[in-house]
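Here the structure comes first, spelled out in structure tokens, and everything after it is commentary.
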Amino acid sequence: MKLYSAKQIYKADQISIKKEEIGSNELMERAALQLFNWMHLRMQGAPVKIHLFCGIGNNGGDGIALARHLVDHGYNVEVYVVNYSEKRSKDFLINLDRLKDRKVWPHFMNSDDELPQIGGEDIIVDGIFGIGLNRTPDEWVVKIIQHLNNSKAFILSIDIPSGLFTDQGPDNFQAIIKSNYVLSFQTPKLVFFLPETGTFIEQWEVLDIGLDPEYLRVTETDYELIGKNEVLTMYKPREKYGHKGTYGHSLIIGGSYGKIGSVCLSSRAALHAGSGLVTSFVPKIGYSILQTSLPEVMVLTDTDENELTDIKFNLEPSVIGVGVGIGTSEVTIKALSSFLKSNKLPLVIDADALNILSKNKALLKDLSEDSILTPHPKELERLIGNWKDDFEKLAKVKEFSKKYKCIVVIKGAHTIIVHGEKGYVNTTGNPGMATAGSGDVLTGIITGLRAQGYPALDAAIFGVYLHGRSGDIAVESTGFQSLTASHLIANLAGAFIDLFKMPEPPEVEKENQQN
Ligand SMILES: NC(=O)C1=CN([C@@H]2O[C@H](COP(=O)(O)OP(=O)(O)OC[C@H]3O[C@@H](n4cnc5c(N)ncnc54)[C@H](O)[C@@H]3O)[C@@H](O)[C@H]2O)[C@@H](O)CC1
Ligand SMILES: Nc1ncnc2c1ncn2[C@@H]1O[C@H](COP(=O)(O)OP(=O)(O)O)[C@@H](O)[C@H]1O
Ligand SMILES: [K+]
């Protein structure tokens, strides 16, 4: 699913109005009706108090139009206009008149007004600012936002939580509504998925207001949301006459004294991801451990007992996953440097190999083309330096990706895969996965996919999706606390099978089918 920018949404808006020969207030009416239907379906006329806080732009206009539908259906509403500017939008004014026609008089709130009482059982509709926010709200508006956040009421935001910019980072976190639910028009917004701003959204849903499908289809976006539909097109089916050679050979290079487990996890994950063959390259201390715990995996050893000192092997793998558990000792840095200098094979680079690259930036130019780097936030900071906000981070990663012709997997709650100018935002996974070794499993999965001939970008996107989906399946039986990295591997099979599961039909349809 594409993530459109505010500019693109405004453009879609204009094109739709022109093509369909409708007024902009009709589009607002469509939006308001969608909002109303959503609420009415759930509330079924319940006499709960609904406080609608509306700005003076089109987001506020949506709120005012929604208020009219709620009033028409007998809901218990109170409307507040947060009067932050003289420049009221045309469609806001049209809808304000329509509301007044029904003898509903909003409270006009100005800087020195008292804040209204809101009960814990009430509902707040947040229509103060939408995607038109272009500067941080004034202090008195921030006070209102804080007041709403501090109430115990359920907050339903129209389009985007008020105070959140659509395409830039916030400069005052106090000025943002903390939404329980966001009904976002036509497209979710990138900020819903970034670590700094995602916390302001508990749940979201897209309401289709019928913006021009043609424009939406042909327009390229900087970011895409990755779900099942997106990865299904990447999936490579197993061929009837395929053999283990068809599905590639993964080499996992890693480990040091006390950290051989990481190599076990990555190697096992590569196997479960479908790699035809898997070989691990470890210090001697890892030999028996790997041979005993993973009979399917072949093992090569370094000349040193406890750490990697000389990375040499007499085989031609399809892809190499390097870095888990290697440490950052001088000898290992040397070994990795000379390996990278001579290596031409595709790479997946993780953990301490990333830290070594950060300390020795000259090595970055030795990476084979389309190398996949999988940093967690701390490793990323070492690699690209710190950032002011998530948008600066993404801009820096894009520059890095272009400069070194690599793919960067920014791990997190919503992992983002960056390739040149484009970012892919993952939707699977859960906090149970914040556990030792889950990154090692991801390295193994991506390596295993790359071995099977998946192009680098597909391997990264599909790997991240499967990793998260395994976590989502696992958590159903482990719970969040007890999920371990090994569970992710054990549930990878389920994640593959789930790709082709049809969604369950709703109960009503099931009954119809039986009759
Ligand atoms: N195509 C769509 O998606 C549609 C969008 N609609 C609604 O329109 C919204 C966008 O409306 P607008 O462009 O009017 O913008 P907003 O309603 O988000 O903001 C209102 C206006 O306030 C001004 N402003 C921005 N930041 C301010 C600040 N800190 N202090 C004071 N004034 C500030 C701006 O000039 C802005 O136009 C969307 O979020 C959505 O709710 C709907 O009406 C239906 C169609
Ligand atoms: N809250 C979360 N929601 C979803 N996924 C998460 C969450 N926390 C961590 N993960 C995922 O778990 C993995 C952790 O990787 P990493 O930090 O490298 O762990 P380790 O070094 O222990 O292997 C990443 O793929 C990350 O996206
Ligand atoms: K809003």
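Placed from the backbone N, Cα and C atoms, the Cβ positions cover glycine too.
Here the Cβ of Arg135 ((6S)-NADPHX binding site) has 7 other Cβ atoms within 10 Å, regardless of which shown protein chain they belong to. For the recorded site, Arg135 ((6S)-NADPHX binding site), the DSSP three-state label reads coil. Feature annotation from TrEMBL assigns (6S)-NADPHX binding site to 58-62, 130-136, Asp159, Gly325, His376, Asp440.
Here the Cβ of Asn59 (K(+) binding site) has 27 other Cβ atoms within 10 Å, regardless of which shown protein chain they belong to. Annotated K(+) binding site per TrEMBL: Asn59, Asp126, Ser162, in sequence order.
For Lys411, Gly412, Ala413, His414, Thr415, Gly439, the entry in TrEMBL reads AMP binding site. For Gly439 (AMP binding site), the number of other Cβ atoms no farther than 10 Å from its own Cβ, over all displayed protein chains, is 24.
If you look up TrEMBL, you'll see 9-217 marked as domain 'YjeF N-terminal'. The average pLDDT computed over the domain 'YjeF N-terminal' (9-217) stands at 96.
Sequence annotations record features per position, and here TrEMBL assigns domain 'YjeF C-terminal' to 227-499.
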*If you measure C-alpha to C-alpha, which of Ile131, Asp159, Lys411, Gly439 (binding-site residues) come within 10 angstroms of Asn59 (K(+) binding site)?*
Ile131, Asp159
*Give the sequence-ordered set of same-chain residues, not counting Lys411, Gly412, Ala413, His414, Thr415, Gly439, with Cβ within 8 Å of the centre of the Cβ atoms defining the AMP site.*
His376, Ile410, Ile416, Asn426, Gly429, Val464
_Test of understanding: give the count of other CB atoms lying within 10 angstroms of the CB of Asp62 ((6S)-NADPHX binding site)._
32
*Which residue, out of the binding-site residues Ile131, Leu133, Ala413, shows the minimum number of other Cβ atoms inside 10 Å of its Cβ in this structure?*
Ala413
*Go through the binding-site residues Ser162, His376, Lys411, Ala413, Thr415, Gly439 and pull out the ones with a Cβ less than 6 angstroms from some atom of ligand 2.*
His376, Lys411, Ala413, Thr415, Gly439
*Which of the three DSSP states, helix, strand or coil, fits Asp126 (K(+) binding site)?*
strand
_Listed in sequence order, residues not in Asn59, Asp126, Ser162 with Cβ within 8 Å of the centre of the K(+) site Cβ atoms_ = Phe53, Cys54, Gly55, Gly60, Gly63, Gly127, Ile128, Phe129, Gly130, Ser157, Ile158, Asp159, Ile160, Pro161, Gly163, Ile177
